[in-house]
Amino acid sequence: MNQHVLARPAASDELPHSAHRRPWRRSGPVLLWIFAFIPFGLALFTAARAPRMHVLLDYWHVLAKITDDKGDLLFGQVFTYHLDQPFVLPSLLFWADAAWFGGDNRILTVLTVLLVAGIVALLHSMIPNSLSTITKAVVLTGFSWLLFSSHAAELWLQGTNGISWVPAVFFCVLAIACAHRGLGWAAGAAAALGCLSFGVALPIWFVLALIAWLRKDSRPRVLIPGVIGILVVVAWFLAKPSGQHSLATSAFDPDGRLSVLAAALGGLWSADAAAVAVIAGGLTIAALAYFVREASPRVAGWIALATYAALLAGMLAMGRTTDQVPGGNVGLISRYVVIGALATCALLALVAINRPQWPLRQLLIVTVTVALVTHAIGGAKAERVRHDYGPLNLAAIALRVDAPNVLDALHIQRAAAPAARSLGAYPFNDTFTLGCGGAELGSRLPTAAPLPLATETGDTRGEVGTALTGDTLLSGWAIIGGTRADCVLVVDQNDVVLGGGIVGLPASMAKTNTPAPEGAAWQAVAPPGAAIGGVIAVEAGKFHKVSTLPGR
């Protein structure tokens with residue numbers, strides 16, 4: 001008797017046996033893993049090359065609060081609120097950075113990158129084994145490019161932002177990953193660590209309750225995290241100080257809050273156009289709602305991740321709706337792109353798991369396209385972050401010469417200086433430098449040739465735009481041979497170096513009568529009461545005294 005046996009149809013992410021022998025097919029996962037490594041490498045490179053100096057107010061404010069003038073840790077102060085939120089672990093990391101690593105911003109930026117890498121690894125661990133190796137590699141690639149997006153440059157450039165925000169998110173994702181696998185106690189411990197890190201972890205307990213419910217766990221495993229969540233939120237609300245922190249608003253403004261929520265979820269798709277981010281956020285919500293309909297225990301963690309991202313966006317919208325930010329929407333701020341990245345990661349995983357019949361080629365094309373397009377869009381935001389942080393690098397010199405008015409202008413907490421000095425934190429250690437070819441504070445320079453006035457023609461000229469007074473933001477511009485100066489120094493009447501500055505700033509920073517060429521502006525600082533003899537622009541080891549207009 002003849003029997004006709006039909007061949008089993010190939011699964012959507014499989015190819016015929018002959019195709020598996022092709023070298024390119026066998027190497028596919030490896031190539032995708034290499035591609036997934038690229039954004040991590042770019043973020044790590046940026047973090048390692050970030051400025052050494054902590055230039056943000058939060059770092060110095062917290063350091064001043066948790067240390068005495070001898071640099072000793074005031075442990076009780078660690079448990080006080082910062083920005084109306086718990087800040088225990090970041091406070092300890094700030095102190096450890098100052099005490100053990102010389103207050104090096106790069107330690108915290110690199111740690112931030114490693115924590116985000118941990119988030120990527122945790123998300124990868126949640127992908128079910130039922131998916132093929134190459135499908136897992138495609139999804140991992142998406143996770144990496146989304147979370148290490150160029151939009152998030154703020155996290156890699158200043159460790160204050162990264163360590164304020166990312167540890168709490170890391171512990172929340174760890175809690176979700178543990179709960180997804182039924183590890184209730186581990187999930188609870190991770191959630192507790194998250195709540196000690198920052199307020200973004202407060203809703204994690206309700207997310208853990210959701211996972212237990214989706215997994216059809218016992219009623220106590222559903223109720224316990226929910227009850228803990230209520231107690232945590234009530235305790236936070238009763239203990240938080242009154243008042244309003246930066247960018248916060250108490251206005252009713254439902255439209256503005258909805259706009260922030262949507263923009264935070266769609267922030268990957270716009271650098272500065274709020275409307276685009278809002279539309280993208282709305283589409284993300286709709287897509288998640290569509291795929292969440294097919295809930296099952298194996299996607300419990302992904303539904304929870306999407307819920308957590310939505311709750312974060314809601315918390316952001318409830319707290320911050322000011323339009324006094326680039327793009328006019330708080331949801332477009334660089335560090336908040338993590339919210340949209342988590343939501344999009346959840347969407348990608350749900351698509352891969354709930355639609356296994358979709359061709360692998362389509363999943364690959366869509367994932368790579370989204371990765372590259374969103375990364376390209378974020379380039380403008382990354383450049384704006386670098387532009388905004390550039391002038392703040394003057395803080396190291398201002399701290400070293402003890403210029404209180406300049407420190408106030410740069411929003412640096414001068415009260416932290418004694419503790420930083422006792423701890424030997426930068427800039428109060430031997431690694432401090434003016435970065436000017438060996439000339440340091442107290443060095444005596446050779447007599448400098450005067451730089452032609454800005455009003456003259458030629459490619460070598462410049463101007464001081466402010467009065468030469470100590471403890472003020474000195475500014476101006478200089479070009480030498482058609483290029484900006486390598487560095488600037490402030491000297492007294494005997495050409496002894498009193499202070500220094502930074503170069504390569506936008507033309508608007510010069511504050512001179514004659515418009516400055518773009519990128520040629522500088523700012524400098526000298527001690528209070530200093531008898532300033534002039535500003536010296538240095539280029540290729542040659543000294544040029546920048547001209548001062550009469551009356552200045």
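Keep in mind that glycine also has a Cβ here, set from the backbone N, Cα and C atoms.
Annotated transmembrane segment per TrEMBL: 30-48 (among others), in sequence order.
Remote same-chain residues near the transmembrane segment (107-127) are listed as 40, 43-44, 46-48, 50, 93-94, 97, 101, 136, 139-140, 143-144, 147-148, 152, 155-160, 162-163, 166-167, 169-170, 173-174, 176-177, 180, 301-302, 305, 345, 349, 352-353 (criterion: CB distance under 8 Å, separation of at least six residues from the stretch ends). Residues annotated as transmembrane segment in TrEMBL: 107-127 (among others).
Among the features that TrEMBL reports, transmembrane segment is placed at 133-153 (among others). With a cut-off of 8 Å between Cβ atoms, the residues of this chain six or more beyond the transmembrane segment (133-153) that come close are 13, 28-29, 32-33, 35-40, 42-43, 46, 113, 116, 119-120, 123-124, 127, 267-268, 271, 334-335, 337-338, 341-342, 344-345, 348-349, 352, 360, 363-364, 367-368, 370-372, 374-379, 381-382, 385-386.
For 165-183 (among others), the entry in TrEMBL reads transmembrane segment. Sequence-distant neighbours of the transmembrane segment (165-183) (same chain, 6+ residues past either end, Cβ-Cβ under 8 Å): 89-90, 93, 112, 115-116, 118-119, 122-123, 125-126, 155, 190-191, 193-195, 197-201, 204, 207-208, 211-212, 215, 217, 300-301, 304-305, 308, 335, 338, 342.
Annotation source TrEMBL lists transmembrane segment at 189-214 (among others).
Here TrEMBL flags 221-239 (among others) as transmembrane segment.
TrEMBL lists 259-292 (among others) with the feature transmembrane segment.
If you look up TrEMBL, you'll see 299-318 (among others) marked as transmembrane segment.
Here TrEMBL flags 333-353 (among others) as transmembrane segment. Here the transmembrane segment (333-353) has long-range neighbours at 123, 126-128, 131, 135, 138-139, 142-143, 146-147, 149, 151-155, 161-162, 165-166, 169, 173, 264-268, 280-281, 284, 287-288, 291-292, 298-299, 302-303, 305-306, 308-310, 312-313, 316, 325-326, 363, 367, 370, 378, 381-382, 385, meaning same-chain residues at least 6 beyond its ends whose C-beta is under 8 angstroms from one of its own.
The feature transmembrane segment is assigned by TrEMBL to 360-378 (among others).
Remark: the transmembrane segment (189-214) makes no contact with the transmembrane segment (259-292), by the rule of 3 or more CB pairs under 8 A. Spatially, the transmembrane segment (259-292) is not adjacent to the transmembrane segment (30-48); fewer than three Cβ-Cβ distances between them are under 8 Å for residues at least 6 apart in sequence.
Scored by C-beta pairs under 8 angstroms, the transmembrane segment (30-48) has its highest count with 360-378, from the stretches 221-239, 299-318, 360-378. Same-chain neighbours of the transmembrane segment (221-239): 81, 85-86, 184, 187-188, 191, 195, 199, 202-206, 208-209, 212-213, counting only residues six or more beyond its ends whose CB sits under 8 Å from a CB of the stretch.
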